[in-house]
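**Student:** The following block contains the structure, expressed as structure tokens.
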């Protein structure tokens, strides 16, 4: 029996976020291209070296990127939109596609399946010449071989998933374009095989949610590829869920091995294997360590899994690997010594997960006695955290038990509430607002750092925050916005801020993961029962409201987003954790309302991303996600207006869920997705307050008034002007002041023009 250790992908960002810093230095012209490429190579090779030293046998090559692996694939295959044709160098084209430029909008960005990672959406255009423009995986494979002597495992995004994630073609064109991908993939794989690649990992995460017809279509493509590259050792890799529905067909694909997720798809994949077995002539790559969470594995459970598999499958060849790329986990926990011992011991970041793979390999090849000490340690760690007082609070349990049906609904229906709110708030037609945050300048970040390091006092820091808040209240008044925000200068991150003020959360010092491009986030760790402690946003919001006669919105992050953007305890259902968060937020919302705040926004940008990949599992998730939002927001008076915000989602899947949230106003990203939600509203109705984002805040370019007016015009074709709001796509935290002010001025002018037109046509 042959058993190997493997990894599917390693975090890109560097132990001290060297990758992020290098990218941003290059973008701001602080380093030149040569220095950029040299530093990136050093980081890339260091990651390979770490995995080599940890004892991983099949080390992924090509998972490293300058921005996004889907964008890498798009560039490699020639999926380059014509609007970027004026750029000549690779990096200029690449980063223009990712970030846009002064004159060109970026390609769309959206969530990578149900994770908090974002990918750049490939664009197909008529007349596109699909070819292998650049065999990047080959270059990186040869680099690792020459520089480190590592015969790595090239990782590529599979043709079917790639094209399914792309946009710009009709369904009728899909099959034709898919066939056009065969030639470049054949060339790519042929060259890798000729260079000596022993195993080539082909990622097809979309296989977890395909129809039988689609699987057959994908199989034909793999048969066409295999015909031309008969000797390449292809490992077909799936993850994020099981392939149960199509397992019987997938195991007949002409590949040498198949990777399955036995963490997030354990039940389905095991059921399929028990029914259909597994081919003797293929390698089974077992995703047995959670690549999306930060907890130590249950080694006993993993070894039991292998015992079950060895009884049920015909193959003798296994690969021990994570459930997915470790892109979604921080790199190393060794710096987190500030954490309690019980929590620190329970954690496993990427490097620790690699060590777990080696432990499992040892147990499988040498017997469990070879890791008997480690097994005992793991059992003790799991017992300690499970029985901890922070996970067994009686007050939290009592609050959950006491919930009644009326806790999940507003007293009056939307139409009647909105009438009362219009009287109370006295807002104009097509009111303007922003999504919440304003620029976190170098001064803001530096002052916060000084405060956290004890260089300045609490009083000095609070004075600084008040000064920034007042400055931006005045800016908003001058610009002419209708509903203002305090700017969130006191907040580092929209989830971390609340987690720091709620019981049950803990925070890492260096637990960074990539969200999109160079943007990294440090998710909170929900390790215990969540409960309210003290007011979290009252002071700053009430201060901002005291500065102006205009309405100021309270700003909170919703329970489902806090859940989905955190590393969550895995000993109770996610629904229960979400309800705990909702109850804590409910208390905060009641305090805001009693302090005179009449508009309260509860953001849920991550509602869609938490949905299971399989449609059959959607209803159960949506039910408790919506109930969580309602639990947080339903205790306010009818006159209090509840807003919510969403971005980067496939909204057509959740229109009914959005409606069920019963928010008085929802603001939704529209501009970067090129108006897709506007198209969705052409086929359905939305009868509540809605703001469709009129400009993309993730690009540095300042859009013209006319661009925004066009989106307003398109939106009003499908939205009732009585309920329509005008706002940017998202918060403005990452933008510069000189970008924000003119953009908002253009937005307000577009709103005024639209109001004038509506009055003229009335």
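Along the chain as shown, the residues are counted starting at 1.
Positions of Cβ are set from backbone N, Cα and C atoms, glycine also.
Worth saying up front: this structure is predicted, and the values here are computed from it rather than measured.
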**Student:** Among 478, 488, 652, which is the one Swiss-Prot gives for the L-homocysteine site where 435, 436, 437, 603 also bind?
**Tutor:** 488
**Student:** Per Swiss-Prot, what member of 520, 730 joins 645, 647, 669 in binding Zn(2+) at one site?
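**Tutor:** Swiss-Prot names 730 for this Zn(2+) site.
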**Student:** 17, 18, 19, 20, 111, 519, 520, 609 show up in Swiss-Prot as binding 5-methyltetrahydropteroyltri-L-glutamate; which entry in 472, 565, 624 does that record put in the same site?
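**Tutor:** For 5-methyltetrahydropteroyltri-L-glutamate, Swiss-Prot names 17, 18, 19, 20, 111, 519, 520, 609; of 472, 565, 624, the listed one is 565.
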**Student:** In whole Å, note down how far the CA of residue 698 (active site, proton donor) lies from the CA of residue 520 (5-methyltetrahydropteroyltri-L-glutamate binding site).
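**Tutor:** Given the Cα positions, residue 520 (5-methyltetrahydropteroyltri-L-glutamate binding site) is 14 Å from residue 698 (active site, proton donor).
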**Student:** Which one of these recorded positions, 17, 698, has the sparsest Cβ neighbourhood, judged by other Cβ atoms within 10 angstroms?
**Tutor:** 17
**Student:** How many other Cβ atoms sit within 10 Å of the Cβ of residue 730 (Zn(2+) binding site)?
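**Tutor:** Taking all protein chains shown, residue 730 (Zn(2+) binding site) has 27 Cβ neighbours within 10 Å.
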**Student:** What is the set of residues, excluding 435, 436, 437, 488, 603, whose C-beta falls within 8 angstroms of the centroid of the C-beta atoms at the L-methionine site?
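**Tutor:** Going along the sequence, the neighbours come out as 434, 485, 494, 555, 601, 645, 730, 731, 733.
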**Student:** I'd like to know which of the binding-site residues 609, 669 has the most other Cβ atoms within 10 Å of its Cβ.
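**Tutor:** Top count of Cβ atoms within 10 Å goes to 669.
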**Student:** Return the member of 19, 488, 603, 609 nearest to residue 645 (Zn(2+) binding site) in space, with distance defined Cα to Cα and candidates limited to these binding-site residues.
**Tutor:** 603
**Student:** Which of the binding-site residues 436, 437, 488, 647 has its Cα closest in space to the Cα of residue 111 (5-methyltetrahydropteroyltri-L-glutamate binding site)?
**Tutor:** 647
**Student:** Please give me the CB contact count at 10 A for residue 603 (L-methionine binding site), counting all chains in the structure.
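**Tutor:** Result for residue 603 (L-methionine binding site): 25 other Cβ atoms within 10 Å.
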